[in-house]
Amino acid sequence: HGSVSADEAARTAPFHLDLWFYFTLQNWVLDFGRPIAMLVFPLEWFPLNKPSVGDYFHMAYNVITPFLLLKIDSFELLYYYDEYLGHCMWYIPFFLILFMYFSGCFTACKAERWMPGPALLLVAPSGLYYWYLVTEGQIFILFIFTFFAMLALVLHQKRKRLFLDSNGLFLFSSFTLTLLLVALWVAWLWNDPVLRKKYPGVIYVPEPWAFYTLHVSSRH
C-alpha cells in the first residue's frame, strides 16, 4: 500500500533503552565481572562440593537473560528457543550421554547379569517418564535412533561374550518399555481426527497435554 515514511518507521522501531541498558549492565557485572569476583572472594569460602562465586554469577546470567527479553515483544522468539532450539540443545546431549553411559554397562561376569529388586521396581516409572519425554518433547526420532543404537551395541557386544550388567539392563528395559508405551499411545489415538489435524506429519506422536487440552479440559 505504498512506501513507509521515515517518521512511521521511526515510530514503529523505537530504541529499547531499558533492554540494552540492562543487557550491557548484566554483561559487565555477571560476565566480565565473574573472574574478578573469583579473585576478590577467596576460594576457601566455597567448598569444593559447592558452587563457587563464578558459578553463581553464571547461573544468575542464564536466569536473568530470558526475563530481560520479556521487556520487549519477544515471546515468540523465546517460545521458539524453548520448544525447538532449546529441545535440541538439551535432548541431543542428554541421549548422547545416556548412550555413552550405556556403552560402559557390559560385563563378562554372569553374576552381574541380572537386575536387583529395586531396579525392577524402578523400570515402570522410568519407562513411563521417558514415554512422557518422547511424546511431550516430540523427540521420537532421537529416541528411536538411540534405542536402535543401543540394540546394535548389545548385539555387537554379544559376539564378544559381553552382556549387559544390572545398570545396562535397567536402562535398556526402561527404553523398551518406553517404546511399547509410545506404540500403544499412537495406536490408541491413530484415528483421532482432531489430533490428526494437529499433527499432520509422517511421524504421528501426539503430545499428552494436547490430548488433555482437546479432549479432557474442553469437557469441563
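Residue 1 is the first one shown; counting continues down the chain.
Heads up, the Cβ atoms here are built off N, Cα and C, so glycines get one too.
Outside the transmembrane segment (84-102) by six or more residues, the chain places 133, 137-139, 142-143, 146, 149-150, 153, 167-168, 171-172 with a CB less than 8 A from a CB of the stretch. What TrEMBL lists as transmembrane segment is 84-102 (among others).
Here the transmembrane segment (114-132) has long-range neighbours at 143, 166, 169-170, 173-178, 180-182, 185, 208, meaning same-chain residues at least 6 beyond its ends whose C-beta is under 8 angstroms from one of its own. As annotated by TrEMBL, transmembrane segment applies to 114-132 (among others).
The transmembrane segment annotation in TrEMBL covers 138-156 (among others).
Long-range contacts of the transmembrane segment (168-190) within the same chain, counting only residues at least 6 positions beyond its ends with a Cβ under 8 Å from a Cβ of the stretch, are 98, 101-102, 105-106, 113-115, 119, 122-124, 126-128, 130-131, 134-135, 140, 143-144, 146-147, 150, 154, 204-206, 211. The transmembrane segment feature in TrEMBL is assigned to 168-190 (among others).
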